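For reference, the structure discussed in these notes is given below.
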């Protein structure tokens, strides 16, 4: 038994040293290729850590399991990535290693490479499908740990990869989109990152005037929105066309986000350049839960767009029956008219929305209401 134990230890020492001939000799002598030390590291793990490419290939060719894990859940790819062994990483990936494998604490190979600023490994893993959104148990993404460590090159690569084929967003906007609170918090307190030319401001805008809070509102990312608000984000910051985060959240139907923004002082009657309120946005998109929430919070039922459309007109136009019901239950005038004297019934009938038409008639909408006929329109023909 002692002799076998000694043989195993010698085999693993040979693997660590990269002694290919000795390793092969032990294997031919019957040593189990998957034998490991007290920490669960086997020959493949040790060879990968030390960068012995030829030995790694030999072990894999002889049946060593590419994704075998140590007691901490680290695979050979984790170990090679942490050690910056780029050539070994390439061999392992080509041999089918799970590029997004997570260790016991949720670490991925990409996280480990980013943590140690191994640029070539970070690039290769990203090019081969590594998911940079995967976070550890503590909530750290590869971007967050690179920011924390001050690895500017790794940060730049991660940000660049994240925006391929998309509109280039500032770093804090990207964190807001991903609900990455760790990265967001680090960006707000650090200015060492090359992507952040000056102190990152919580209300910095994109070319369209959208702040990180607008982005968080769009994706319904309540966690990062809370952080942004706590750090001074303007709850009613208006982008182009007068759009606030509350308009965005209402249009998207993100109920919890709408609640958060209202709780933080978002103006429920705020109007866009076209006169849309958050209630208009929710009604037009058919988000009945948001409609009910903002109505309960006192949203203006009689608010008009520049064309005189009420939320009821918009709900009718979209055939959103439940939204129409909520609006009527909150005493929206059933025969309210636009600038052209169109009622919601006119709109629903014109669009062929039978259910809304029937509902409005059941609520005593006037079937004989006359719209304004303008000269030169099709109604004059």
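Just so it is clear, glycine is given a Cβ too, placed from its N, Cα and C backbone atoms.
A quick note: this is a predicted structure, and the numbers were derived from the prediction, not measured.
According to TrEMBL:
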REPEAT    39-71  repeat 'ANK'
REPEAT    72-104  repeat 'ANK'
REPEAT    105-137  repeat 'ANK'
REPEAT    208-240  repeat 'ANK'
REPEAT    241-273  repeat 'ANK'
REPEAT    274-306  repeat 'ANK'
REPEAT    307-339  repeat 'ANK'
REPEAT    340-372  repeat 'ANK'
Cβ-Cβ under 8 Å with the repeat 'ANK' (241-273): same-chain residues at least 6 beyond its ends: 211, 213-214, 216-222, 225-226, 229, 235, 279, 281-282, 284-287, 289-290, 293-294, 297-300, 303
Positions whose Cβ lies under 8 angstroms from the repeat 'ANK' (340-372), at least six residues beyond its ends: 308, 310, 312-313, 315-317, 319-321, 324-325, 328, 334, 379
